[in-house]
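Report on one structure; see the data block that follows.
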Amino acid sequence: MTQLFYDTDADLSLLNNKTIAIIGYGSQGHAHALNLKDSGMDVIVGLYKGSKSESKAISDGLQVFSVSEACEKADWIMILLPDEFQKDVYLKEIEPNLKEGKILSFAHGFNIRFGLIKPPSFVDVVMIAPKGPGHTVRWEYQNGQGVPALFAVEQDSSGNARSLAMAYAKGIGGTRAGILETNFKEETETDLFGEQAVLCGGLSELVKSGFETLVEAGYQPELAYFECLHEVKLIVDLMVKGGLSQMRDSISNTAEYGDYVSGKRLINSDTKKEMQKILKDIQDGTFAKNFVEECDKNKPLMTKLREENSKHEIEKVGKGLRSMFSWLK
């Protein structure tokens, strides 16, 4: 059984007398910065000139510097920028300010795994990746709880990188819930696969296809929305709480029987073969190469697909229904 590590396994004092620079102040950035600050750490924020996040960080009681200045001042640098921006910012602002003994850290391994960022040998390179969005990481911390996190060591120059990564995870509240050790390769590949095959790509297409099937058969679009999108959260919440078994214990016998006899008609060996192809594209770098090239061209395909998907009927129907949900206001 894989081991989880908790508060008693991590030594927060390892971060004492270290200045931690959080690069970026978006969803994860604000959560990391404020949780570390509330844990008693010396935290600063690095942002590009004119960033809309600057006033928010200042109002949250944090000192804000340019990325270059923050990295120069810091002992620990946590890069919390979108994947496609990290390489350029690293080369221009971060790398020139790296010195022996500094710690370079990430919350996702994409740029290290695919060789876009190649740190010098004299710094520690670690990862601390909360398994939840930033607002949840912050909310749970404020309520005395935490969000589970992954941690990994890519490069141990100091000989103490693992303990330092665990200390950081404790500082943001991860060890309250439990942290799991992994490596950059495993985290990156499984994270990308989960997003593409199940959580985002797979689920989005499943929801849309179900909605389309009902509407094309003459059913009310509003009912199709409820059955194929709205109720997804109800089922997923049961899965998260107690796995597939508890979900099935909580639904009707009719629903459970339909689960068993119809599920594999949709998700079958052919589906699994496509999943394996998706995983292979991730493992061999094909997806990363395509994504980097897409970003270098200013994302023309992604922009086109985003616009097309935003016009799907399920979006129009959902917007209308949600405006009538008093509990969402």
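Cβ coordinates come from backbone N, Cα and C, glycine included.
These numbers come from a predicted model, not from an experiment.
Annotation comment: Swiss-Prot describes 2-182 as domain 'KARI N-terminal Rossmann'. Look at Swiss-Prot and you will find Y25, G26, S27, Q28, S51, S53, D83, E84, F85, Q86, G134 tagged as NADP(+) binding site. Under the heading active site, Swiss-Prot lists H108. The annotation domain 'KARI C-terminal knotted' is assigned in Swiss-Prot to 183-328 on the grounds of sequence analysis. The annotation Mg(2+) 2 binding site is assigned in Swiss-Prot to D191, E227, E231. Residues or ranges marked as Mg(2+) 1 binding site by Swiss-Prot on the basis of sequence analysis: D191, E195. What Swiss-Prot lists as substrate binding site is S252, and the listing cites sequence analysis.
The two recorded residues, S51 (NADP(+) binding site) and H108 (active site), show a Cα separation of 22 Å. There are 21 other Cβ atoms within 10 Å of the Cβ belonging to the residue listed as 'active site'.
Sorting the domain 'KARI C-terminal knotted' (183-328) by DSSP state (H, G, I as helix; E, B as strand; all else coil) yields 125 helix, 0 strand, 21 coil.
The Cβ of E231 has fewer other Cβ atoms within 10 Å than any other of the binding-site residues D83, D191, E195, E227, E231.
The number of other CB atoms found within 10 A of the CB of F85 (NADP(+) binding site), across every protein chain shown, is 14. When the recorded positions H108, D191, E231 are compared by Cα distance to F85 (NADP(+) binding site), the shortest distance belongs to H108. Under 8 Å, Cβ to Cβ, and six or more positions away along its own chain, Y25 (NADP(+) binding site) finds A33, V45, L47, S51, S53, E54, K56, A57, L80. Taking the Cα atom of each, E227 (Mg(2+) 2 binding site) and S27 (NADP(+) binding site) are about 30 angstrom apart.
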